[in-house]
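Per Swiss-Prot, these features apply:
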type    : residues                     : note
REGION  : 1-98                         : region 'N-domain'
BINDING : Asp27, Asp80, Glu154, Glu156 : Mg(2+) 1 binding site
REGION  : 118-260                      : region 'I-domain'
BINDING : Asp175, Asp177, Asp238       : Mg(2+) 2 binding site
REGION  : 343-351                      : region 'Interaction with PCNA'
Amino acid sequence: MDLAELVEEIKKELSFAELKGKKISIDAYNALYQFLAAIRQPDGTPLMDSQGRVTSHLNGLFYRTISILEEGIIPIYVFDGKPPEQKAQELERRKKVKEEAEKKLEQAKTEGSIKTSELKKYAQMSIRLTNEMAEESKELLKAMGIPVVQAPSEGEAEAAYINILGLSWATASQDYDSLLFGAKRLIRNLTLSGKRKLPGKDVYVEIKPELIELDTLLKKLGLTREQLIDIGIIVGTDYNPDGIKGYGVKTAYRIIKKYGSLEKAIEKGEIPKIKVNFNVEEIRSLFLKPQVVEPKENLELVDCDSNKILDILVKTHDFNEERVKNGIERLEKAKREAKGASRQTGLDQWF
């Protein structure tokens with residue numbers, strides 16, 4: 001759900017120095033999809049091992065997590081569980097998009113007349129994150145000594161709940177739904193920052209982390225969180241992907257400001273009832289009362305298992321052994337320093 005137009009005035013760029021010593025609960029699937037999309041070979045295909053198994057996600061997870069730790073940030077990766085039934089339509093839509101992209105990709109390869117940029121586009125659109133890839137990602141993170149949380153349902157909701165409980169300073173995702181789930185602070189671009197090529201253009205831009213604070217956003221807009229959720233429902237969420245036809249985010253904001261709720265706007269005829277083909281209260285409840293649990297997992301950094309990391313990356317997936325060993329050295333050093341920064345941040349709160 002895209003709230004970009006509404007957050008434009010209150011979002012602010014962050015330096016990594018401002019995040020030093022802080023724990024961030026990360027929507028793991030969101031991060032893994034970013035790695036799968038960004039870490040590609042020149043023809044758009046993902047990195048693969050000698051057996052043809054995709055490794056882009058492991059490459060991104062290992063090296064990007066080390067970079068985050070080197071900035072003094074402690075990541076907590078939160079993985080999806082079983083999605084709500086109401087998400088079935090959106091998941092089916094995504095599946096069809098991937099299948100169509102795969103067909104176009106194969107057709108383009110056969111014809112051999114399409115631009116490399118088009119090949120990349122179709123390759124990225126056909127990205128799949130399998131259960132096996134997710135499990136292997138958890139295994140790697142645990143071997144690295146990084147906190148991993150298994151959500152009962154939506155990882156994004158659980159990451160937001162960890163933030164609500166005060167167990168993390170912010171949640172990190174590209175998706176604004178984190179705000180609807182009640183995250184106090186949302187950081188975008190945490191796992192994406194650096195120079196990135198614009199899609200379909202030979203232009204590179206500097207991507208920096210940005211912070212959106214829920215309370216600041218709600219005060220600026222003069223809304224409650226429930227009303228922000230209603231705007232999301234009008235525009236479309238994962239639980240009603242089509243939203244209400246003909247209404248953009250600015251119109252949705254105007255309507256909710258005027259009537260206070262989606263039901264009232266329907267009752268007064270501002271939004272024709274015939275256009276609403278979903279249960280408003282049910283969808284709102286999925287954001288206000290998502291299936292979440294207080295994590296039982298240890299949320300602190302622990303010692304890494306170097307042999308396990310080498311086994312996963314080098315022995316199983318053909319990563320360069322020297323590079324991985326160098327990464328492990330960086331990892332251990334960064335974790336020591338990040339722990340120190342976290343303790344200092346805790347002390348600073350008392351003075």
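Heads up, the Cβ atoms here are built off N, Cα and C, so glycines get one too.
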The correct three-state DSSP answer for Asp27 (Mg(2+) 1 binding site) is strand
Across all protein chains shown, the binding-site residues Asp27, Asp80, Glu154, Asp175, Asp238 give the max Cβ-within-10 Å count at Asp27
Averaged over the region 'I-domain' (118-260), the pLDDT of the predicted model comes to 91
DSSP puts the residues of the region 'I-domain' (118-260) at 66 helix, 24 strand, 53 coil
Binding-site residues near Asp175 (Mg(2+) 2 binding site): from Asp80, Glu154, Glu156, Cα within 10 Å gives Glu156
Taking DSSP helix as H, G and I and strand as E and B, the region 'N-domain' (1-98) has 48 helix, 17 strand, 33 coil
All chains considered, the count of other Cβ atoms within 10 Å of the Cβ of Asp177 (Mg(2+) 2 binding site) is 25
Those same-chain residues, other than Asp27, Asp80, Glu154, Glu156, found with Cβ within 8 Å of the centroid of the Mg(2+) 1-site Cβ atoms are Ala28, Tyr29, Asn30, Val78, Ala151, Gly155, Ala157, Glu158, Ala159, Ser173
